[in-house]
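Notes for the one structure printed next.
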Amino acid sequence: MKKVAVLTAGGDCPGLNAVIRAIVHRFHDAGGEVVGLRLGYQGLAERAFLPLPLAAVSGFLTRGGTMLGTSAFDPTREPEGVERCRAALADEGIDAIIAIGGDHTMHISRKLVTEHGLPVVGVPKTIDNDIVGTDWTFGFDTAVHVATEAIDRLRTTAASHDRIIVLEVMGADAGWIAVHAGMAGGADAILIPELSLTVADIAAAIRKRHARGKRFSIVVVAEGALLRRDADDPGAQVLHEGGSGRYHFRRLGGIGEALALALEEELQVDTRAVVLGHVQRGGIPTSTDRILATRYGIAAAECALRGEFGGMVALRGGTYTTVPLADVHGIKTVDPETLRDLELLLV
Ligand code: F6P
């Protein structure tokens, strides 16, 4: 194993540069060479290479975003896409690809390995923490940190004005950020795709708070949650579609706005909505994410050095390991134990 190509694909997240840096260090140590691919798999098909000697990654441990750029380019869906990639690997003498990405990138990588025999190692990333096969993804801890700080700040202004403030966080298919930030920030209600809470349920919880003398509340909602007025007539009462409907609804103001409005109507209390958005994805990674990203980078480099392809590096039960890309599909939703604790806290 002499030369490896590294790419980042899908939405960015804090820690991507830390992975690239770790791969460069591990390969340098082993006497190998690393080349970066611009804009994900597009950089392979179009031969957009960026040489990555040690000096190129100096100072990148803490930097957000990705030095390589990112895209959702899928060579298996492009004319001659896979053949262009294969030819680029051969012509450049590249022995392996390390693909850092989310479920879509792992899906592309799985096809490239199993259907086309390309030498790929996967590294999971997403602020959403919803990739099957690994307990944690880097970027998540940073996003939770940002969202928790937002809750802390919203609490003081909500309390000053006797308001309900709804904070909308990312999480298109799973509620990890909402649950962890909500728990860390002491949110009074949390709406996520995994739980079928309604506006009526949240209003009831807030009425109980009011009865205890609390005059303000903080509600956290994941962008992909399903919003219904009550459970009796779910068909007619859908205010916001979860999951794949999210992009359309975000343009219309998002679930946070819809929930704030519904609560204001229900409770006759002044409400505000805050959409945290891409603030959760930018900036420097937390120390936890830097460590996770660095260790994933080293693990992926070592897979490539051993000539082991078709796997995704992962952290399971506190152990760094590898899972077959063939097993990485679907969405990892919030586990039942966490949901149980959440429900106990919100009573
Ligand atoms: O990285 C995943 C994610 O953060 C989702 O939670 C969110 O819906 C999506 O990315 C938004 O990405 P973009 O605006 O870049 O398409």
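Glycine is no exception: its Cβ is also placed from the backbone N, Cα and C atoms.
TrEMBL lists Thr126, Ile127, Asp128, Arg163, Glu223, His278, Val279, Gln280, Arg281 as substrate-binding residues, and of the candidates Arg229, Arg272 the one it assigns to that same site is Arg272. Same-chain residues at least 6 positions away in sequence with a Cβ under 8 Å from that of Asp128 (active site, proton acceptor) are, in sequence order, Gly102, Thr137, Phe140, Met170, Gly171, Ala172, Asp173, Ala174, Trp176, Ile177. Thr126 (substrate binding site) sits 9 Å from Asp103 (Mg(2+) binding site), counting Cα to Cα.
Filtering Asp103, Thr126, Asp128, Gln280 by Cβ distance to ligand 1 (under 6 A) retains the following recorded positions: Thr126, Asp128. Note: the Cα of His278 (substrate binding site) and the Cα of Asp103 (Mg(2+) binding site) are spaced 19 Å from each other.
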